[in-house]
Amino acid sequence: ILLLCVSEMRADPARYSVPEEAERGSFVANIAKDLRLTGEELLARQARLVPEGEKQYFQLNQHTGDLVVGEQMDREELCGQSEPCLVRFEVLLESPLQSFRAEVRLTDVNDHAPVFLNKEIVLKIPESTMLGTRFLLESAHDPDVGNNSLQHYSISSNEYFLVYTRRRSDGRRYPELVLDRALDREQKAEVDFSITAGDGGTPPRSGTALIRVVVLDINDNIPVFTRSLYKVSIMENSSEDAIVVVVSASDLDSGTNGEIAYSIVQNSEENFETFKINPETGQIRLKKPLDYEETKTYEIDVQASDGGGLSTHCKVEVQVKDVNDNAPEVIITSLTSTLSEATPPNTVVALFNVRDRDSGDNGRTTCELTGEQPFRITLLAADAYALVTSETLDREQVEEYNVTVRARDEGSPALSVSKTLLVRLLDVNDNAPTFTQAVYTMVLSENEPAGRSLGSLSATDPDTGENARVRYALVPPPTGTFAAASFVSVDAESGTVRSLRPLDYEKVPAFEVTVCASDGGSPPLSAQAVLRIVVRDENDNAPVLLHPAPDSGAAGELVPRWAPSGYLVAKVVAVDADAGQNAWLSYELAKATEPGLFRVGLHSGEVRTARAVTERDAARQRLIVLVRDRGQPSRSATATLAVALVDDFSDAFHQLGRDPASGEQPQVAEEEMLTTYLIASLCCVSSLFLLSVLVLTANTLCKPRIRTELSPPSPSCYAGGDFASDGVGGTGTLSPAYRYEMCLTSGSGRSEFQFLRPVLP
């Protein structure tokens with residue numbers, strides 16, 4: 001885009017003119033018309049003037065496009081005798097970037113009159129001077145140019161002299177006095193008249209000086225220079241009082257008429273201030289250092305006079321040679337000292353000009369940046385540059401840049417100058433907060449009161465100001481999910497996590513919530529992290545018995561008398577709702593009728609015989625098993641087992657109906673329960689009897705009909721494989737199970753059921 005804009009710049013500058021000393025606000029031109037833009041477009045594109053020098057002499061009205069004088073200008077002060085006198089500037093437009101060169105010519109106003117350096121000019125002329133002899137007079141000085149500069153000389157009325165106006169090679173005019181009538185010292189020893197220098201301005205201005213001509217006696221020979229024109233060159237860095245040239249003249253006369261004195265005819269104030277001559281030797285020396293950039297050529301008129309008053313003249317042309325004594329200048333015309341870090345590449349940061357007052361190679365310059373920085377220099381026009389961004393910026397990496405622009409000329413030795421521009425970057429919210437961890441895990445004790453601090457979250461944002469201010473919040477869970485966010489809160493400023501209610505580990509062992517960290521930018525950026533809360537279990541639950549059931553009283557178990565050591569009597573099963581060590585259960589025999597007969601597995605809860613059962617052991621045993629967890633403090637529960645040592649099943653219910661703890665005295669409650677069982681058994685037996693009678697009656701009536709259809713009767717025996725392997729018993733009172741063999745006859749009028757023998761393991 002920049003290359004396209006530069007290629008579209010106007011090659012020829014727009015030219016305007018304005019008279020010098022014009023008042024502030026004076027109209028110069030309408031730039032909008034020349035650029036074919038409207039006032040609104042100028043305002044939208046931020047049109048502005050960029051002067052070539054350090055001073056701005058014009059102003060641009062962005063609404064109308066009018067170019068007006070911003071400050072009064074003196075053409076002679078700005079340009080001296082140079083013509084034309086041009087004030088150059090550039091019109092800079094943005095979006096897109098365009099530059100138009102323009103120049104305003106200051107037209108001269110006749111505001112200076114010619115001035116003679118010496119108000120009285122004395123000439124000594126011998127009376128024998130031939131008619132038509134010319135005498136060079138001192139020139140008047142007029143800083144104006146063109147028609148307003150010095151145009152002619154005239155003298156007041158007299159009998160002896162005429163004046164002619166001559167022009168030098170540089171265009172300056174000087175007067176020559178011509179003898180028109182022979183002088184006679186005896187008639188008139190001194191002739192006085194005035195000389196007037198006039199310019200061509202409107203109205204014209206003039207300056208006068210008095211000429212006194214002293215008539216001398218005859219001097220036959222005038223001095224003669226060895227050369228009528230001396231051409232010399234001198235380096236501009238020559239020291240003060242350095243010899244420029246030595247002029248030489250000779251006179252054939254003798255005595256005082258042959259003694260020559262040299263002098264410089266003051267044809268300009270500049271020559272008078274710069275050079276001096278030794279009146280005896282003719283050595284011309286410097287009175288002050290030379291400056292090629294101010295004056296490149298001097299033309300000196302040297303006069304040689306003898307003692308008799310005769311004189312002659314010669315010219316000395318002094319060419320000043322340029323020396324690389326001026327370093328380049330970097331002139332900043334526009335600077336954006338603060339820049340957004342979101343600024344795209346190729347954004348203009350500064351506009352500047354590079355100027356070198358030297359000439360030739362000494363005045364040719366190059367421009368570069370020092371160091372590795374995200375900027376580059378673009379050439380807009382001759383000696384006009386733009387500092388633009390070359391890549392994207394990031395304030396988080398570098399907050400400010402010291403951009404050093406170095407300008408170097410091509411002289412020998414080369415001179416250079418550096419200028420440093422400070423560019424600060426403004427923050428843009430381009431960085432989201434970052435959590436120090438992706439998952440935070442915090443521990444909360446069970447039943448902990450609300451308001452306890454669990455820890456804190458931390459997120460950082462490399463931006464600055466409000467863009468770096470981080471606030472924390474819990475992300476609401478999706479509708480219909482577990483509302484874990486109601487258990488904890490997060491402080492918006494500090495990120496401190498606090499509990500909102502006591503928690504029960506058995507209901508909520510752990511939960512996760514999502515925490516969002518947002519910065520204060522516009523629009524805000526955010527990041528999320530997972531907060532996992534682990535509830536630490538407390539021993540707040542005692543063991544719960546599953547077998548035997550805690551509300552069933554003492555569980556009855558049968559143990560045969562022949563049971564060996566290690567015989568499994570029962571298994572106590574318990575659970576604990578706590579976790580970890582609080583749920584580790586241990587079993588121990590707290591109390592027993594005969595402590596040495598039974599033992600309990602520490603971790604299994606299995607109740608086994610510690611030795612073989614003997615006839616001396618009481619038939620009824622009562623065991624209390626203690627179940628304890630390992631919490632601090634520990635909690636426990638007890639299970640009661642009633643164990644009957646039996647020889648067979650007929651003795652089992654008799655033994656279980658008695659409590660060994662009561663000795664020979666039956667308890668009332670047990671007797672009432674036994675009575676209830678007997679009544680229920682009687683009812684069952686009666687019902688079975690009536691049912692049997694009905695079945696026999698039906699069988700008697702139907703037997704003649706079906707006897708012919710039945711096969712001959714054969715006895716069948718039902719072995720043990722036709723029954724469940726458990727026989728009579730189960731998980732209740734009989735362990736291990738008992739098995740019996742039985743035999744039935746079919747086809748008879750009645751069936752008999754007989755226990756033959758028990759099948760024991």
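Residue numbers in this text run from 1 along the chain shown.
For all residues, glycine too, the Cβ spot is worked out from N, Cα and C.
Taken from TrEMBL, the feature domain 'Cadherin' applies to 10-116 (among others). Along the domain 'Cadherin' (10-116), the predicted structure has mean pLDDT 84.
The domain 'Cadherin' feature in TrEMBL is assigned to 117-225 (among others).
Helix first, then strand, then coil: DSSP counts for the domain 'Cadherin' (226-330) stand at 10 helix, 49 strand, 46 coil. The annotation domain 'Cadherin' is assigned in TrEMBL to 226-330 (among others).
DSSP labels the residues of the domain 'Cadherin' (331-435) in these numbers: 4 helix, 57 strand, 44 coil. Residues or ranges marked as domain 'Cadherin' in TrEMBL: 331-435 (among others).
According to TrEMBL, the feature domain 'Cadherin' maps to 436-545 (among others).
Per TrEMBL, domain 'Cadherin' is recorded for 559-662 (among others).
Marked as transmembrane segment by TrEMBL: 677-698.
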Stretch with greatest number of CB pairs under 8 Å, the domain 'Cadherin' (559-662) reference, 117-225, 331-435, 436-545 candidates: 436-545
Counts by DSSP class (helix H/G/I, strand E/B, coil) across the domain 'Cadherin' (117-225): 3 helix, 55 strand, 51 coil
